Amino acid sequence: MLPSTNDKQLIEVEEGTKIIKGSNVIITTLDKVVNWGRSNSLWPLTFGLACCAIEMMAAGASHLDLDRFGILFRASPRQADVIIIAGTVTYKMAPIVKRVYDQMPEPKYVIAMGSCACTGGIFNTYSTVQGADQFLPVDVYVPGCPPRPEALMYGVLKLKEKIMREEGRWGRLK
């Protein structure tokens, strides 16, 4: 049985979250609880297309260990909620990347890692897509050629912050 709030004092610990003094009861919105769960259990799909993939693998290695942030790399798009586009995307590869993205369940997020994935990099040619945002809705850009593993970790932390600010995104958007 919950203690009545008449004899207990509500203490606001952050905006929209209160605790009942003297108990283990937290009062908050459903958005905050769902976003907390999502942001602390990201499952990225690694889609390495060039040299940035080496740095992405280094970010998952023991030195930085993204697992401590609840990030578990997945090999199947049906199990992932984040896709990390790491490297140069050609026009021939773009439909395949889009198909893999479409196979991911909602809500899904995109991280563009490296100068090539962000802007096309040094390859301003007829065969290179000038940024992953030309065919996917990119949420976080991680610049660099190639970016350090710490930069990818910073990008993932920025994505976690973005997820915590979402409202009402619980399932498939219509």
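Using N, Cα and C of the backbone, Cβ positions are placed for all residues, glycine too.
Neighbour list (C51 ([4Fe-4S] cluster binding site), Cβ cut-off 8 Å, at least 6 residues apart, same chain): G87, G114, P146. Residues or ranges marked as [4Fe-4S] cluster binding site by Swiss-Prot on the basis of sequence analysis: C51, C52, C116, C145.
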Where C145 ([4Fe-4S] cluster binding site) falls in three-state DSSP terms: coil
- request: Work through the binding-site residues one by one (C116, C145) and point out the residue whose CB has the fewest other CB atoms within 10 angstroms.
  value: C145
- prompt: Under a three-state reduction of DSSP output, how is C52 ([4Fe-4S] cluster binding site) classified: helix, strand, or coil?
  reply: helix
Statement: The number of other Cβ atoms within 10 Å of the Cβ of C52 ([4Fe-4S] cluster binding site), counted over all protein chains shown, is 27
